[in-house]
Protein chains: 2
Amino acid sequence: MPVVGMVGGGQLARMTQQAAIALGVRLRVLAGDPEESAAQVCADVRLGSHTSLEDLMSFAEGCDVVTWDHEHVPGELIQALEAAGVVCRPGAAALLHAQDKLVMRERLSALGAPCPAYAAVHSTDDVTAFGEKHGWPVVLKATRGGYDGKGVWVVGSAAEAAEVIASGTALMAEEKVAFRRELAALVARSPHGQGAAYPVVETVQEDGICVEVVAPAEGLDPETAAFAQKLALGIAEELGVTGLLAVELFETADGVVVNELAMRPHNSGHWTTDGARTTQFEQHLRAVLDLPLGDTDGNAAWTVMGNLLGGEDPDIFERYEHVMAHDPGMKIHFYGKGVRPGRKIGHVNVSGDDLPRLRARAEHAALYLRDPGLVYPEEGK
Amino acid sequence: MPVVGMVGGGQLARMTQQAAIALGVRLRVLAGDPEESAAQVCADVRLGSHTSLEDLMSFAEGCDVVTWDHEHVPGELIQALEAAGVVCRPGAAALLHAQDKLVMRERLSALGAPCPAYAAVHSTDDVTAFGEKHGWPVVLKATRGGYDGKGVWVVGSAAEAAEVIASGTALMAEEKVAFRRELAALVARSPHGQGAAYPVVETVQEDGICVEVVAPAEGLDPETAAFAQKLALGIAEELGVTGLLAVELFETADGVVVNELAMRPHNSGHWTTDGARTTQFEQHLRAVLDLPLGDTDGNAAWTVMGNLLGGEDPDIFERYEHVMAHDPGMKIHFYGKGVRPGRKIGHVNVSGDDLPRLRARAEHAALYLRDPGLVYPEEGK
């Protein structure tokens, strides 16, 4: 059976191990520390840095395919691996579009995919010109390295823009989209060209961090859902993505607009571990190995995923026991991470027919695990 | 988060690792070889023998609880671990009833559980006397160490019995039960006394090996199903089982009769990995850790589990790809084992509403993976 190497030891690699166990595939991870999330649960852990070509080359030896837990491996190192004959999925050429937001915008616009207005900006004057043309506030994004709301600034004036410009980060400006809600379209594409699309989901963000996913997105117009799935499959095909592609979308009055891309298992797909026939982690392994893709149907009418964020008290065991007793049908996924305020430490999934009840259950667990006092704020905490 | 030590590196420990990853529990396994099924997929693997007290003691150090992948750890070693303060779940006193069939029969009969007629036998004359009282053929069982049909002989005469007696194995005789079909009742019990019962399933055996499980058992009288669940919960309580208890049953014209007990995840519960809200592996971890037990409801009207047995050709990769393409909604579970004829190398689960179609799908996968020529035998292979 094949060996898949995953660069990065985070929770995505950790959950990929669950899928690898079922498929009989050997998963090797490159971690920076033996206590990283995935390193705790894999037999084949190599310690090293994802920014060292030497470590990457040594890691790749004996792997049938190498894939990624995150987007932070420099493109030139992936190119060097490919030049040395290492099978990288996705490859450097595709992954660049998940690493550089300006490259992504230019390519997607050329393909005719719906995008907000954007421009590279190098000065406060550039931002002002953009704001005068497309309206204020303007969204400034670091072209590289942002995640979970980091690397994004919403500026209302030239003075505010000047502060961000002063940081020296390479930036682009984007129109602030007037969206109703955020959606995500998750698809897989295999090297020989098979594609598979999951139901389009709604993602709920707070302070730039995803806190809840509803699968499928409630009340989504079937034509818009089909358009979003085809859009994601088309982007995967045009960019030559192998593995998963998550397309984060804004839903507007006129349809959908692409926000961001990720080429790996994605937070918006965590509902699949209990809510879909094939988990996104299994699908990613199948895709990068060019194995036939799995069925993307949901197992229930609705699945709600709630992210678990750490609170002030790091000793969560009693709260963990409490939520298990409180809701025996809820599925808990812990990442083996130390608890810090606001850190993603796990997620829960609940599936069934009654969506408001499912949302309440997921929210209860997320709040209770953070701080029991948050559960009934009106009644005094 | 707690550390669970599982003695034995087989597929049950392997699949327990999937559940441990989600729960955030650390799983340590004691394996005889780094290539054993579970040793391939765990970060914390200790090599040693389950019959060495020294190895067991060293393994147990740092574990919050020790549990078992199989019944082959000698009872006196488990007693020694317990005497040294190691938390063993299930403990030696309970586990004895899954290790010694004669002890089990005596205890269950004393509890009033429905059992076939039985007797210890030491000679051909003992078997003959048993056969004259309860009818021929007589089932002879090794009181210890049998599995998958091994250690069981159906003898039709004193002469046949004499051959088995001559082997010197400690034996018991049992009445050959005229059963309609075989069932299994899987329950969990936690140290503080919480119990949970899965739906009663039908198990289909060929040559003493389980080949298929239908969950729930088709057309089972609800009173009989409830009786079987209560029987299993009662046995777990009376025997002080902590963790899972699988009660294999014969369904007869008059109800059910207990066949065997197992105190661990069990082949009859493999359907739960895709077909139930809580997998048996997660439930076992929750139970041995005295965590609240999970919901045992099924996710679909029916789930069919088909065991994958090895065929003559050990190179299964092309067949593996074929069955994935043929049936994208089927869930495959491979154990990382080398392929040998008749060896259990994995299982598949299919869930849905159309039971005959589900059985056909599971059978197709099992036959195709063994030998594509078996799939359409009438059309010539």
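First residue shown is number 1, and so on along the chain.
Keep in mind that glycine also has a Cβ here, set from the backbone N, Cα and C atoms.
Non-local contacts of B:E182 (ATP binding site) by the CB criterion (under 8 A, 6+ apart in sequence, same chain) comprise B:E202, B:T203, B:V204, B:Q205, B:E248, B:L249, B:F250, B:E251, B:N259. Marked as ATP binding site by TrEMBL: B:K101, B:K141, B:E174, B:E175, B:K176, B:V177, B:E182, B:N259, B:E260.
Annotation comment: TrEMBL describes B:105-289 as domain 'ATP-grasp'.
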Self-check item: Across the domain 'ATP-grasp' (B:105-289), average pLDDT on the 0 to 100 scale
Solution: 96
Practice problem: Would you find the one among the binding-site residues B:K101, B:K176 whose Cβ has the most company, meaning other Cβ atoms within 10 Å? | Solution: B:K101
Quiz item: Does DSSP put B:K101 (ATP binding site) in a helix, in a strand, or in coil?
Solution: helix
Exercise. Output, ordered by sequence, the same-chain residues six or more apart from B:E174 (ATP binding site) with a CB under 8 Å from its CB, or 'none'.
Key: B:R105, B:P116, B:A117, B:Y118, B:V138, B:V139, B:L140, B:K141
Practice problem: Taking the Cβ of B:E260 (ATP binding site) as the centre, count every other Cβ atom within 10 Å, in any protein chain shown. | Solution: 17
